[in-house]
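Enquirer: One structure coming up, written as structure tokens, with questions to follow.
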Amino acid sequence: MQTFDAIIIGAGQAGPSLASRLTEAGMTVAFVERKLFGGTCVNTGCTPTKAMVASAYAAHTARRAAEYGVKLNGPVEIDMKAVIARREAIVAKSRNGVENSLRKNPRCTVFTGTASFESRHTVKVGDDRLEAKQIFLNVGGRATIPDFPGIHEVPFLTNTSLLALETLPKHLIIVGGSYIGIEFGQMYRRFGSEVTIIEKASRLVQHEDEDVSAAVLDILQGEGIHVRLDAECISLVPHAEGVSVGVQCNSDEPPSIGSHVLLAVGRTPNTQDLGLDRAGVATDERGYVLVDDQLRTNVEGIYAMGDCNGKGAFTHTAYNDFEIVAANLLDNDPRRVSDRIPCYAMYMDPPLARIGMNETEVRKSGKRALIGTRPMTRVNRAVEKGESLGFMKVLVDAESKKVLGASLLGVGCDEAIHCLLDTMYAGAPYSTVQRAVHIHPTVSELIPTLLGSLKPLD
Ligand SMILES: Cc1cc2nc3c(=O)[nH]c(=O)nc-3n(C[C@H](O)[C@H](O)[C@H](O)COP(=O)(O)OP(=O)(O)OC[C@H]3O[C@@H](n4cnc5c(N)ncnc54)[C@H](O)[C@@H]3O)c2cc1C
Ligand SMILES: NC(=O)c1ccc[n+]([C@@H]2O[C@H](COP(=O)([O-])OP(=O)(O)OC[C@H]3O[C@@H](n4cnc5c(N)ncnc54)[C@H](O)[C@@H]3O)[C@@H](O)[C@H]2O)c1
């Protein structure tokens, strides 16, 4: 048995930073990772996809070159091997950075393998048995593999295996019309694949407002992506061209025939092989570790951070979990999950940025509110760049005058939205941003104008 002050399981977005803080505070740490340092975001999530989104954007802009008065001496061609090499160079730098910082840390001992609990304070990794009073879980999640009829008869792809594909799919069928489906769908369309997105809801990104879903659909269809909605019953059958994806059980709607199928229907937490029952750690029915507002599980000394606790599903929420745990344990600062304001972006082009409540949620809440909307065609910078698709929408509490939330779909909106987000964190009224002088020409400069257009939400 090897004894440490702490054991951290999983090198995702929270664990490595926590290892640093704990060892700086003089503690000894056993760090366990079974596969790739940096976890999902670095290896199979944010970093590789955003690197490929950048390549796809370059291809898209090159195809539009003539609109900008730029001549190309031939059609735009994609070199997938070069796209992948660029992506992998970016990923490797990040992954190696995380791994090296852990291995170089003299107070941190790295174990490679799958960790599972033997009891509340002991964990097994291969032949090693580790013991600590404090144990931190940062085990993340993986693509959900639904139990579709025929699923085991076709070679389906997930976000991980698609990244390993070196050739361009002739026709990529994507099941799931949310973040992963849309980001990959637009990217592969721009690389030259035919793409069909199949979604069971009656609209794409169903958790967004209807006008946002409609604008996203328009943009994707405008690039030649086929979208099939209300797909209630997916089935998979091998086909001479690859795979046939049935969408309905009770009607004779034709299936979609493609060369490859990507499953993008959500994530499953990596908690089933952790032996949580042997430690007595409680999970919900989907396998997410139950935690309180300071990320403590029901067992003293065991904490869960990142996607595996179901309180967030993003890199920034996983990192914030590290900050919360470190602040409570080391800084005598009672930070809490409930202090954070929901925020995220979907990296289609143009990006969709979201903070706080959307219009549907505000209406449901019954709050008296003000709403402002503006099309991106009113943003000079977007027009000058030739990228004026999308719109901005902001909601404000009619009484407190504080920003309730915003949905910004447009070029640069993933950055511009932070002036509203920071106003929310500051607890300041919307007039603070409305009166701020923003730089011309930027996308952010339309936000004061947007706030000047607020009207009662009827
Ligand atoms: C395609 C895709 C694109 C994404 N894009 C974005 C984006 O643009 N922005 C954003 O904010 N989020 C994005 N996300 C989500 C983001 O990747 C995750 O929210 C984030 O990585 C969660 O981090 P984590 O620390 O919870 O766990 P992870 O990063 O998943 O890390 C968990 C680690 O634990 C290890 N592990 C698991 N079980 C064990 C065990 N028993 N023993 C030892 N090690 C174990 C795993 O190998 C892994 O390395 C994306 C996700 C995907 C799939
Ligand atoms: N930009 C980002 O921050 C980013 C990018 C990619 C992924 N992510 C993270 O990864 C997670 C997973 O993303 P995701 O897109 O796989 O999941 P998701 O849960 O966001 O969306 C899944 C989609 O699949 C649909 N679906 C579910 N079952 C279906 C079925 N049987 N047939 C057809 N459609 C079905 C759902 O209606 C939904 O639209 C997200 O929650 C997000 O946190 C984030």
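Here the Cβ of each residue, glycine as well, is placed from N, Cα and C on the backbone.
Sharing the features that TrEMBL gives for it:
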- H440: active site, proton acceptor (ACT_SITE)
- K50, D307: FAD binding site (BINDING)
- G176, G177, S178, Y179, I180, G181, I182, E183, E199, G266: NAD(+) binding site (BINDING)
- C41-C46: disulfide bond (DISULFID)
- 5-319: domain 'FAD/NAD(P)-binding' (DOMAIN)
- 345-449: domain 'Pyridine nucleotide-disulphide oxidoreductase dimerisation' (DOMAIN)
Enquirer: Using the Cβ center of G176, G177, S178, Y179, I180, G181, I182, E183, E199, G266 as the NAD(+) site position, which other residues in that chain lie within 8 Å, going by their Cβ?
Expert: I174, G185, I197, L204, V205, A264, V265
Enquirer: Find, among the recorded positions listed as K50, H440, the one whose Cβ has the highest number of other Cβ atoms within 10 Å in the structure shown.
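Expert: In terms of Cβ crowding, the pick is K50.
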Enquirer: Among all the protein chains here, how many other CB atoms are within 10 A of the CB of S178 (NAD(+) binding site)?
Expert: 19
Enquirer: Have a look around C46 (disulfide bond) and count the other CB atoms within 10 A of its CB, chains all included.
Expert: 18
Enquirer: For the recorded positions C41, I180, I182, which one has its C-beta crowded by the most other C-beta atoms within 10 angstroms?
Expert: I182
Enquirer: Under a threshold of 6 Å between Cβ and any atom of ligand 2, which of the recorded positions C41, C46, G176, D307, H440 are retained?
Expert: G176
Enquirer: Using DSSP, what's the helix, strand and coil tally for the domain 'Pyridine nucleotide-disulphide oxidoreductase dimerisation' (345-449)?
Expert: 37 helix, 30 strand, 38 coil
Enquirer: Cβ under 6 Å from ligand 1: which of the recorded positions G176, S178, I182, E199, H440 qualify?
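Expert: Result: none.
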Enquirer: Greatest CA-CA distance (Å) over the residues G176, G177, S178, Y179, I180, G181, I182, E183, E199, G266 that the record ties to NAD(+)?
Expert: 14
Enquirer: According to DSSP, does S178 (NAD(+) binding site) sit in a helix, a strand, or coil?
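Expert: Assignment for S178 (NAD(+) binding site) reads coil.
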Enquirer: Would you mind ranking the binding-site residues G176, D307 by how many other Cβ atoms sit within 10 Å of each Cβ and giving me the lowest?
Expert: G176
Enquirer: By CA-CA distance, flag whichever of C41, G176, E199 among the recorded positions is nearest to D307 (FAD binding site).
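Expert: Going through C41, G176, E199 one by one, the closest to D307 (FAD binding site) is C41.
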Enquirer: Quick one: Cα separation, G176 (NAD(+) binding site) versus C46 (disulfide bond), in Å?
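Expert: G176 (NAD(+) binding site) to C46 (disulfide bond), Cα-Cα distance: 18 Å.
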